[in-house]
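**Q** One structure is given below, represented as structure tokens, and several questions about it will come after.
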């Protein structure tokens, strides 16, 4: 037996795999950048020879300088800061509410019968329909924005938690029962880790919706934030500013999603899924 | 050690499950339960393990009636059922909740199933046979006196199966456990068991009981066992049902 064991363990190339993966990342990034870089170069060229009118679609360089300018003046950071703050607060509140309700609904039949129909009914309301009501209740200050974002984040997280918990393999739960685990131990040692994958999927799509709602919230009335820059750019007829804001949204959205994705792959490394091939 | 008196557990209007089963099992015995599919073999194990408490009759472990999962019971399922987010060693010590020496204990059983060096692997990196070895170690770690095995090797290839049957035999020799082995593999039952109980019918009832008084370890191609196999095939009435 020991001979076989050695043979098998040497077949698992842990170290070489890491180097391989690093190379792979560089390659993926390089491959993924070819088309965007090409498009930007063409765009720049066409803007410079005047095919794209400057007052409608400014050149990439002028957008880049716009962002650089704002960064130099310092306004960029305060706009970004307030947007991130709203998103973060709304996201945390939404996720926390979804976690508590979703866990209770997923685990206890009675809570599901009590709350799930109501929550599902609320879900069918397009979240933006809440905007007038929230403004009426809370004014156009921070709270209405944060609540709107929280509502947007809540539903995908809630749905994924409930389906994650209800989808836990009965066979794994029986393992806990064989060892006489009580409900609390079953939840902590089996149900929570087993539903972690769908929870993480939930918070990633929740974050996506959070970004959508932060734009909506800032469009509906704000004096700061990247969404405000969009409206302001429209008002002062500055396509540079509008496109800069869009670019900022893209960058920040990508960064926050990458953070969550990183968290996901770190905490779910045990999953037996197809590893991404070249 | 284990006394089953007139136990019945049926589903869907009494058409599946088993009924009126009585068995008395001595310490250290290996009992095989053979039967065609649908005759309640697995249900019987679930009742004995305490996972299914909706039965009629009485199950006594050392004179104590079973009403929930008993600490003297260890169970091994057809699938390894490892927790994919835990390393091998953590999977093995999974049942030891408040044990200070759980790492040492887990290591000991990991070694006894021949997987030393695989402590930090995750289940996804294991082959089917290795995963089932881990499941065996996990069942053994709480030092159960009675091991219930529900077709534990049926999903494995023939060679791995034989290796694990030998492993089970060595575990039995080392720990003197009482073993109840549900199987549909006649050779496996003949190779390992002291007694073979044959269930038939829907719901399943004890149709026959065969005592194999040959000393273990036995040779796999033994002529006497071959004769018994013919007898069992006849008892299971496989020839006419085909």
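Cβ coordinates come from backbone N, Cα and C, glycine included.
These came from TrEMBL, pasted as-is:
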{"type": "TRANSMEM", "residues": "A:25-46", "note": "transmembrane segment"}
{"type": "DOMAIN", "residues": "A:76-260", "note": "domain 'ABC transmembrane type-1'"}
{"type": "TRANSMEM", "residues": "A:87-108", "note": "transmembrane segment"}
{"type": "TRANSMEM", "residues": "A:120-140", "note": "transmembrane segment"}
{"type": "TRANSMEM", "residues": "A:146-169", "note": "transmembrane segment"}
{"type": "TRANSMEM", "residues": "A:190-216", "note": "transmembrane segment"}
{"type": "TRANSMEM", "residues": "A:236-256", "note": "transmembrane segment"}
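Help me picture these features in the structure, burial and contacts included.
**A** A Cβ distance under 8 Å defines the sequence-distant neighbours of the transmembrane segment (A:120-140), meaning residues of its chain 6+ beyond its ends; these are 147-148, 151-152, 155, 159, 209, 213, 216, 220-222.
Within its own chain, the transmembrane segment (A:190-216) is flanked in space by residues 83, 86-87, 90-91, 94-95, 98-99, 106-107, 127-128, 131, 145, 148-149, 151-161, 163-165, 167-169, 172-173, 175-176, 181, 225-227, 230, 249, 252-253, 256-257, 260-261, 263-264, 267-268, 271, which lie at least six positions past its ends and keep a Cβ under 8 Å from the stretch.
Here the transmembrane segment (A:236-256) has long-range neighbours at 55-58, 62-63, 66-67, 70, 76, 80, 83-84, 87, 207-208, 211, 215, 226-227, 229-230, meaning same-chain residues at least 6 beyond its ends whose C-beta is under 8 angstroms from one of its own.
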